[in-house]
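According to TrEMBL:
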COMPBIAS  122-131  compositional bias 'Basic residues'
DOMAIN    7-59  domain 'Cellulose synthase RING-type zinc finger'
REGION    99-152  region 'Disordered'
TRANSMEM  757-777  transmembrane segment
TRANSMEM  789-807  transmembrane segment
TRANSMEM  827-847  transmembrane segment
TRANSMEM  868-893  transmembrane segment
TRANSMEM  905-927  transmembrane segment
TRANSMEM  939-959  transmembrane segment
Amino acid sequence: MMESGAPTCHTCGENVGLNANGEPFVACHECSFPICKTCFEYDLKEGRKACLRCSSPYDENLLDDVEKASADQSTMAAHLSKPQEVGIHARHISSVSTLDSEMTEDNGNPIWKNRVESWKEKKSKKKKPAKTKADTEAQVPPEQQMEDKPALDASQPLSTIIPIPKSRLAPYRTVIVMRLIILGLFFHYRVTNPVDSAFPLWLTSVICEIWFAFSWVLDQFPKWYPINRETYIDRLSARYEREGELSELAAVDFFVSTVDPLKEPPLITSNTVLSILALDYPVDKVSCYVSDDGAAMLSFESLVETADFARKWVPFCKKFSIEPRAPEFYFSQKIDYLKDKVQPSFVKERRAMKRDYEEFKIRINALVAKAQKTPEEGWTMQDGTPWPGNNTRDHPGMIQVFLGNSGARDIEGNELPRLVYVSREKRPGYQHHKKAGAENALVRVSAVLTNAPYILNLDCDHYVNNSKAVREAMCFMMDPQVGRDVCYVQFPQRFDGIDRSDRYANRNTVFFDVNMKGLDGIQGPVYVGTGCVFNRQALYGYGPPSMPSLPKSSSSSCSWCGCCSCCCPSKKEPKDPSELYRDAKREELDAAIFNLREIENYDEYERSMLISQTSFEKTFGLSSVFIESTLMENGGVAESANPSTLIKEAIHVISCGYEEKTAWGKEIGWIYGSVTEDILTGFKMHCRGWRSIYCMPLRPAFKGSAPINLSDRLHQVLRWALGSVEIFLSRHCPLWYGFGGGRLKWLQRLAYINTIVYPFTSLPLIAYCSLPAICLLTGKFIIPTLSNLASVLFLGLFLSIILTAVLELRWSGVSIEDIWRNEQFWVIGGVSAHLFAVFQGILKMLAGIDTNFTVTAKAADDAEFGELYIVKWTTLLIPPTTLLIVNMVGVVAGFSDALNKGYEAWGPLFGKVFFSFWVILHLYPFLKGLMGRQNRTPTIVVLWSVLLASVFSLVWVRINPFVNTADSAAVTSSCISIDC
């Protein structure tokens, strides 16, 4: 394939042209986004002064030059006689969503210019039947229709970036730089002033402090460019839902995954499904797929009841604009439900609907009670046949379509969204990859049956809290100027049922409201596993359409700074052969997509030959129907497709052996290799050059449930940390993976490195939390006598830490309590769950040993937030409990020693006790969790902790490692002389 030397404009397809120095025009020096000067000026006129790809603000000098030249250009434009000479830059075409699949070649260059005439003819044929003023439009040429009609839409962006005000961001960045400088001076002082009398303690403390500083850098700098976003749902409707015409909004396939209905209550899953079916979105554009990975008849029967209740619930929600549209949470709201309601029939219909829902709950509860004891002969269906999933580890694939265009309608006779039950095949001897494998099975089933261009996945306990959430995401995905490079739109996680003080930081407010906003200003937020709208093409392993081919000449960009090669002209990053192979395969797939689009009327033989020639089977598996669906960028299923044939094909693509010798889980779909498949999946997409977007509507889009019990919360954190350790020890580690193409920005890489190394902070953290007790028990300290300069350094370090937190509060809007709870649980999780995750991950990855930690309930409470006070025994409770006891014993020992030694010992004691209280204060929520509501701590926890603390103290007294040999000899001789 031939490549032109000059880059091509991403918007209009023309060469970007040259600047005053004779070099190619570059608008953004951060990512070298290809845009010509004319389109760049158009952006400025529309008020967009930031790059469309990386959101970095344009150079001020460049903006000044354009403003000076704008007067001359407007004068020249007035003399142009042919409208098509300026129409090439009018951007009207970019507002038409159906063009997205035809705008790029395999190397990412626009191609519509060469085929615009044929496109005009096709679009004019499609538009004419929908016209109501045929006589008027017959007088207008088709070319002028194409140029004029979208003009109103193209002038209005569907979303906008709202930068953080400089008055808030500039001081924040200044304090970060100052803190870095102070840290450098602090470590210079610490290293050059060792404590000889307690050298091992001093060395341990310095190593720990250096690691903490490194962790802070990894966490802090990805928050350098925080941004906010605003969406315009009304503009989306005006553009894609014109009155009198069919809706042009893109279809969305919803994925809901569940495994064990006895642990994940069917009523909660039913509420999630009902909230999806009642969305404020065209019903023919919504399909809900429920994955039952446990093949439980209880899940199937509850879904039957859910589909029946949906016939009443969906029209009720849409008639009265109910929020939220999950009945359990709507009826439990403690608000004035009559607010903003004007229909006289609302009260009567609400009462009737509440009664219907309570009857629905009774039926679900009856199913759950029936499922508590499995019959010896297994479950049987209503027709008397055995349930295919009686053996959960050996059963065929099952698919059942409940609702849809050919299924049951609601009580008012309107069509309902499609609802599909899916249970993939499982056989002994096959690796099924847990949730990631179930999600990939849903990707294939949905591609065969509906093939929506976008996918939204939810956990079974996360319901839709905002009925317009999908429209919020479409403001990014369907925006021609933004959406083509977006792999997914991530929503923040919000939770119900958390105690008011959020004792164990379940809301993760700092992560979702601070860190994710910072990532949104770089290359986008990480994928967090739920509440995410995907571009289906990104899941198939393709690169973004606008991404140019990998650097092959001296004009390539630097993989670290993202600017032109002038910053490092003589150094080229050598590419890994495996990276070259994967990029070549992706280019081959992109080329095949382009070629297939060019064939308008091809028969079955030509189609099968083309698919065979491109070797798609090795990538996607042996299903021609599925492979064809991957080549449709705008989605959809052929109208001539036979539904029964599609169901058979859908059963085939969820067979347990379908993924063998394919790229599933390696390069496409959800990526295997870690229990936190979400991080891996998003990381691979960002490495290919995609960007993601963080969407935070005023009304939370989705809400879920979180474990508020201490032991359950620690086990949740253990699973996350274990996944990070698995990624660290795999080939996908961000420390070395994805450097070949230079498409992952270095700040984004820092963020991903932080997500995989944070569990290892547990090792220095538990050592650092032990130091205060050791210092109090031995009378030693890790810091020498402070000079005036040292006092200033310590004071400056503490002030910079406080100022960083305060200024972060100022631009992010989170509360000081949220930051403090986050700090506390960072210590609690670090000395318990993260520590076990490190050892468990190493054993699992290197020795193949899988260790599980059991959770056993010891007490219960039926009051509000009763689960918060349940104390459950688990091994994870031992290390933090031991630290608490050791530090408390150390404080008592320290005060006793000071009382014996007199006044001069109280000064050094203050620093040691302050250090110890720092540990106890951070572990205080853990201590409250141990005590429960009535101080009911499990005896086993107390015994183990006291035993470990006693053994540690006795061994310490026996060894006494911080007494010099000479001192020891002197003590011995003195004892001998006394005896004599």
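Going from the start of the chain as shown, residues are counted 1 onward.
Here the Cβ of each residue, glycine as well, is placed from N, Cα and C on the backbone.
Note that the structure is a prediction, hence the values are computed from the model and not measured.
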To the transmembrane segment (905-927), which of 757-777, 789-807, 827-847, 868-893 is linked by the most Cβ pairs under 8 Å?
868-893
Hey, which bits of the same chain come close to the transmembrane segment (757-777), Cβ under 8 Å, at least six residues off its ends?
198, 201, 204-205, 207-209, 211-212, 215, 218, 721-722, 724-725, 728, 827, 830-831, 834-835, 837-838, 841, 879, 883, 886-887, 889-891, 893-894, 897, 912-913, 915-916, 918-919, 953, 956
Determine which residues of the chain contact the transmembrane segment (789-807) at the Cβ level, with the cut-off under 8 Å and only residues 6 or more beyond its ends counted.
168, 171-172, 175-176, 178-179, 182-183, 185-186, 189, 193, 220, 816, 819
Grab the pLDDT values for the domain 'Cellulose synthase RING-type zinc finger' (7-59) and give me their mean, rounded.
73
